[in-house]
There are 2 protein chains.
Amino acid sequence: MPASAVPTPTLRRLPKYYHYLQRIHMEGQEIVSATQMAEDLGIHHTQVRKDLAATGSQGKPKVGHRVADLLASIETFLNWNTSSDACLVGAGNLGSALLGYSGFDRAGIRITAAFDAHPAKVGKKIHGVPVFPVEKLDEAIRRLHITIGILTIPADRAQHIAEVMVGAGIRAIWNFAPITLTLPEDIIVENVELYASLAIFSRKLSERAKQKA
Amino acid sequence: MPASAVPTPTLRRLPKYYHYLQRIHMEGQEIVSATQMAEDLGIHHTQVRKDLAATGSQGKPKVGHRVADLLASIETFLNWNTSSDACLVGAGNLGSALLGYSGFDRAGIRITAAFDAHPAKVGKKIHGVPVFPVEKLDEAIRRLHITIGILTIPADRAQHIAEVMVGAGIRAIWNFAPITLTLPEDIIVENVELYASLAIFSRKLSERAKQKA
């Protein structure tokens, strides 16, 4: 299936289905219908059916899907059953948390090295991942054939570090820095906009407060 | 300005402008034009002008905006210069990182209490914030008049904890759990979908790999 055929909203919903299916699987449920999923998750049943069809999973009419099969389909579809090596730059609060984040394992991303500009952090291990000086970034990416970069540094250094990453062979960047990176078109960039999310949150709060006043 | 008049994409871009303006302010620049901002940030200049106008900031024709004025306008517009008390439930890796995240301070959110189900964490302070047993959540929200809740717990417990929060007086929830919360309509919910972002990232990586194969 070509990239354009998978709508982004479907991709965004799949982890929700996945977590829900994991839970009912743990509870011992073996078969689930799209109707039950739709009701439990508050998503329209035609949408659930479409999303599951996109993963290639086929249920039995009037019976439903095997929960284990659905979990496997989603894992394969999202590339969560293969593994790629990643490095993380910026071992501050957010970076350190991500080094211990179980979501990466499940998503097939293994962080093998972290980098930081502060000498106090270099040489330590955070959640089992060694921290190297940021000057070694280019060399390490080349030597370890790392293809994924995770950016958890301040906005003013993010573009420079992203360019070093790409120059050394990184093909995909998960960016937590609050800037738009300017990189070659064939580089995959996925932005997690914590500040933007906070901006929306704060603004909605202030609007609500004004409505009450 | 009513809520509906501020487009969400504008809200998402404002933190980018803010970080950019902070940087040039630190570098000693006092005046900036929308044209320069547009070029430096890679956003069309008509868009920059519209976004800045939405914050109520008025530059001088042929001169530009005072950087300090723009920073103040964005802070006020995003409600970042008032302060609200928040609590966080789930002091694991992600939760602990958020307790040390400087973004909250700037966004006018002060986390005064954290809660966790694990006895080992209770009674400690993480980044200066005391951790209480989750059983005390309802009582503490009422006693401290907390209005914002931050959810960093697994999906299967998020709905229950969110209901406890709302029952005790929370009006706005920043949700990191990978589920859609079902709550009264007047509760503000802003979801940060780390898993969904990872899903998109992994899928794009696998599509790219297939294109090359």
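Counting begins at 1 with the first residue displayed.
Cβ coordinates are placed from backbone N, Cα and C, and glycine is handled just like the others.
Those TrEMBL annotations? Automatic predictions, nothing curated.
Looking at the stretches B:16-55, B:96-135, the one that TrEMBL records under the feature DNA-binding region is B:16-55.
Residues in the domain 'CoA-binding' (B:79-180) partition by DSSP class (helix H, G, I; strand E, B; coil) as 37 helix, 29 strand, 36 coil. Confidence in the DNA-binding region (B:16-55), given as mean pLDDT, stands at 91. Residue counts for the DNA-binding region (B:16-55) by DSSP state, with H, G and I taken as helix and E and B as strand, are 29 helix, 2 strand, 9 coil. Same-chain neighbours of the DNA-binding region (B:16-55): 1, 6, 10, 63-68, 70-71, 73-78, counting only residues six or more beyond its ends whose CB sits under 8 Å from a CB of the stretch.
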